[in-house]
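Worksheet for the structure shown next.
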Amino acid sequence: MIEAWNAADVRAAEAPLLEAGEPLMERASFALAMQVLADLRARRRHLRGARVVLLVGAGNNGGDALHAGGVLARRGLAVTAVLVSERAHTGGLAALRSAGGRVVELFADPARTAAVAADAASADVVLDGMVGIGARGALRGPAADLVTALTDARGGRRGSGARVVAVDLPSGIGADDGTVDGPVLPADRTVTFGAAKPGLLLPPAAHLVGELTVVDIGLSLEGAPALRRLEAVDVGRAWPVPGPTDQKYSRGVVGLVAGTSTYPGAAVLSASAAVRAGAGMVRYRGPGAVGHAVLAARPEVVAAPGRVQSWVVGPGVPPSDEDDGQHGRGGGGLAAARGDLGGMSQGATPAVVDAGGLSLLEPPCPPWFVLTPHAGELETLLRRHGEDVHRRDVEAAPLRWARRAHELTGATVLLKGGVTVVVGPSGAYAQADAPAWLSTAGAGDVLAGLLGAMLAARSAEVVERPGLAAEIAAAAALVHGRAAERANPGGPVAALDVADALPATVASLVAQA
Ligand SMILES: NC(=O)C1=CN([C@@H]2O[C@H](COP(=O)(O)OP(=O)(O)OC[C@H]3O[C@@H](n4cnc5c(N)ncnc54)[C@H](OP(=O)(O)O)[C@@H]3O)[C@@H](O)[C@H]2O)[C@@H](O)CC1
Ligand SMILES: Nc1ncnc2c1ncn2[C@@H]1O[C@H](COP(=O)(O)OP(=O)(O)O)[C@@H](O)[C@H]1O
Ligand SMILES: [K+]
């Protein structure tokens, strides 16, 4: 698991060590330099003569870059520091100069910005050390102009020309929330110190981070992290592998309220995913014609009422204010869903509430209800609760708005997207496991069925431990993304292919753990 800590927590953890004279910056910058050397070795035979350009701001982030530059210059690399501010870390500057590095005072001669950017773009490595966790707002002044010019000089493409390594974080992102309010130089790698910061894992900034390296500089961080990211081993270890005394009911029964005759496919996809993810049983409730389609695709599904350990409500059910043109407002699926959801809030059965089911919610909901909106559906849900918010706001600050939806409803919220953000009562997760190929119709229905099966397997525990639903939801996002990759590595996937890849995906996660 990757744990991410807010800037204030990192500073608080640094303070006693700095007071005790621990050389934190030397540790950080040495590890940074070693990472740069390792990356360079992977790309060229000889290090001597490789060109490194440091973009250096006024604070300690610039200090890190300068000290790392000193280490690299001593190894024979040609290092140039570009100062974007009148002030620069004194010790770092001295270290670089004494190692033979050059210094360009860009702040004193902004007309040189384009030329400096062109030179940096043609270097082997650019270290972005303009601002770190001390930034206030979007990049401004010469730093902002340099990033704009350098982005132009690189043709806007990451991976072309100089390799960009961000120092602690890409300068200008919101360290705690991943917001991007101005120009930011996309990194190929980010070397972060002490702990990951939430902004490195959250969109939109997460897309500018490249490969992430966390350097241990000896901090002891107290309390709970601000954000977590599950890794394959976490999910494999926690997977409910059946034992010799298990039977279908102990493995969990998923009750599926999904599909209308306009959208029967969603029910088929959710049912397939739940069956393929290892549910003990899947019961279908909904219009008869849809039930036939579900049974034709998955004969394992049971269409009779009975015990249920988790509900999946809403895939393929239109929102309550949308007429599906057949049975009045939403048809039989909606009626069933409305009745079932009302009863479920009173009971103690986990539920996944997706698509049209979201419009039926009547908060407060228990935390073992997991809502699975995409950004557009979250906008609708939040507006219904009086928030003046648009989809673009949700996309610009997904953690903030997913958290708001959790506060307003009491439910656990899984916000779908390129990075899936989950917020529950014990914390938040950000999962980035899926190829962009997964953005295809029906993929969300597969996620709903998969998550339903995962909740059913640990139904009683999910109700007892309020934070568990969020952990399981994050795990479902990981499995979903990995199944998409496994279904067709590097190419397009259809939603049903993702469901079909679940058994092998789960087997490999369990085997690796
Ligand atoms: N303490 C330690 O030993 C360790 C610290 N570590 C490192 O220190 C970093 C934090 O350093 P920090 O606190 O000095 O702040 P930092 O991120 O360099 O930025 C502040 C400077 O930037 C400027 N500035 C601000 N906003 C701006 C903007 N929007 N646009 C443009 N400029 C802006 C502002 O200048 P001003 O505008 O006030 O003149 C101010 O001087 C951390 O990320 C990590 O890399 C590690 O080495 C571990 C050990
Ligand atoms: N750019 C992307 N990269 C990776 N995964 C994505 C991306 N965009 C969307 N997804 C994932 O694809 C799925 C789409 O779900 P959803 O929008 O509900 O589609 P549908 O309603 O058609 O099933 C979600 O799991 C989401 O996290
Ligand atoms: K930086």
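Each position is counted from 1, following the chain as shown.
Heads up, the Cβ atoms here are built off N, Cα and C, so glycines get one too.
Please treat TrEMBL annotations as automatic predictions, because they have not gone through curation.
Quick caveat, the model's predicted, so the values are computed rather than measured.
Among the features that TrEMBL reports, domain 'YjeF N-terminal' is placed at 10-225.
For ASN60 ((6S)-NADPHX binding site), other Cβ atoms within 10 Å of its Cβ number 23. In the three-state DSSP scheme, ASN60 ((6S)-NADPHX binding site) falls into the helix class. Per TrEMBL, the feature (6S)-NADPHX binding site maps to 60-64, 132-138, ASP168, ALA266, GLY316, HIS374, ASP445.
According to TrEMBL, the feature K(+) binding site maps to ASN61, ASP128, SER171.
Annotation source TrEMBL lists domain 'YjeF C-terminal' at 231-509.
According to TrEMBL, the region 'Disordered' annotation covers 315-335.
A simple way to gauge crowding: the CB of GLY418 (AMP binding site) has 17 other CB atoms within 10 angstroms, across all the protein chains here. Sequence annotations record features per position, and here TrEMBL assigns AMP binding site to LYS416, GLY417, GLY418, VAL419, THR420, GLY444.
Using a 10 Å Cα-Cα cut-off from GLY417 (AMP binding site), the binding-site residues that qualify among ASN61, SER171, HIS374 are HIS374. Proximity to THR420 (AMP binding site), defined by a C-alpha to C-alpha distance within 10 angstroms, is shown by the following binding-site residues from GLY63, ARG136, ASP168, HIS374: HIS374. Ligand 3 lies under 6 Å from the Cβ of SER171, out of the binding-site residues ASN60, SER171, GLY418.
Neighbours of THR420 (AMP binding site), defined as other CB atoms within 10 A of its CB across all chains, total 27. Taken in sequence order, the binding-site residues ASN61, HIS374, VAL419 that lie near ligand 2, meaning a CB under 6 Å from one of its atoms, are HIS374. Compute the center of the Cβ atoms of ASN61, ASP128, SER171, which mark the site for K(+); besides them, the chain residues with Cβ within 8 Å of that center are LEU55, GLY57, GLY62, ALA65, GLY129, MET130, VAL131, GLY132, ALA166, VAL167, ASP168, LEU169, PRO170, GLY172. HIS374 ((6S)-NADPHX binding site) is 11 Å away from VAL419 (AMP binding site) when you measure Cα to Cα.
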